[in-house]
Amino acid sequence: MTLLLNTTAKLYIAPRTLPFTSSSTFARSPFLRIPSLLKPLSPLTARVSLSSTMGDSADAGMDAVQRRLMFDDECILVDENDRVVGHDTKYNCHLMEKIEKDNLLHRAFSVFLFNSKYELLLQQRSATKVTFPLVWTNTCCSHPLYRESELIDEESLGARNAAQRKLLDELGIPAEDVPVDQFTPLGRMLYKAPSDGKWGEHELDYLLFIVRDVSVNPNPDEVADIKYVNRDELKELLRKADAGEGGLKLSPWFRLVVDNFLFKWWDHVEKGTLKEVADMKTIHKLT
């Protein structure tokens, strides 16, 4: 893993060490309580913005679970070549002011899980999500955290470890149902998308595909609804979103994948030839 020194940055303070505390599944998932074993990066590469550490008065109405995740989770900051340059809170990484002013770019992943009938599992994000509440999106979308197991670049192992963790956290899918070695990383994309006036996304997103029959028990703090769709059903969902029927909305990252890659890759899902289209060398800059 190559670290770049941000020569324009202020002197940064190494983060305090915290155990991982995710949403309500934390209470029922003992292994999620294991603290990170990662030693902090040097102070000059650790990005912490004290000015917004505690948020502001406008955040007072934020859901307690989402607020905790916003301040406890440390995202991995990268440059446009996906080289790690530091880390910062989930809160700061999703503030459009900081995204625009400091060009904060963080690493993310998007899981596309298909069952044995080659139907794609979609989720509707919960109403309490800070960014893009109640939009429909792919199976799971989140961030590798700044911890040893999720910083591993080789074979995208860090992103795959994070995907397994969040599939349990968001959808209650047991780790044994989604072995890390069953994820196929197909590509990376870089995009920016505002959610509202305050929040947004600026991500370098790992696109992970997996074909498994799984048990699902959605976490209501994260997920409002789920559904499996075949190709025709997804096309109908796209039509409704484009027409604005029933207020249906899709996440911008999901739409980018649909418009640029998904249906071509779906052919390879059905043929069992996903590795033939994998391209982890290219970073697709999409708008």
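Cβ coordinates are placed from backbone N, Cα and C, and glycine is handled just like the others.
The model shown is predicted, which means the values in this text are computed figures rather than measured ones.
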- Do you know which of K90, K192, K198, K227 Swiss-Prot groups with R125, K129, S142 in the substrate site? K90
- Query: In Swiss-Prot, H94, E201, E203 are given as binding Mg(2+), so which of H87, H106 is in that site too?
  - Reply: H106
- So how many of the residues in the motif 'Nudix box' (142-172) end up helix, strand or coil by DSSP? 21 helix, 2 strand, 8 coil
- Task: Can you tell which of E201, E203 has the least company, meaning the fewest other C-beta atoms within 10 angstroms of its C-beta, among these binding-site residues?
- Result: E201
- By a simple count, how many Cβ atoms lie within 10 Å of the Cβ of H106 (Mg(2+) binding site), its own Cβ left out? 25
- Note on the structure: Expressed in Å to no decimal places, the gap between the Cα atoms of H94 (Mg(2+) binding site) and C141 (active site) is 14
- Item | Count of other CB atoms lying within 10 Å of the CB belonging to H94 (Mg(2+) binding site) | 23
- Cα distance (Å, whole number) from E201 (Mg(2+) binding site) to C141 (active site): 12
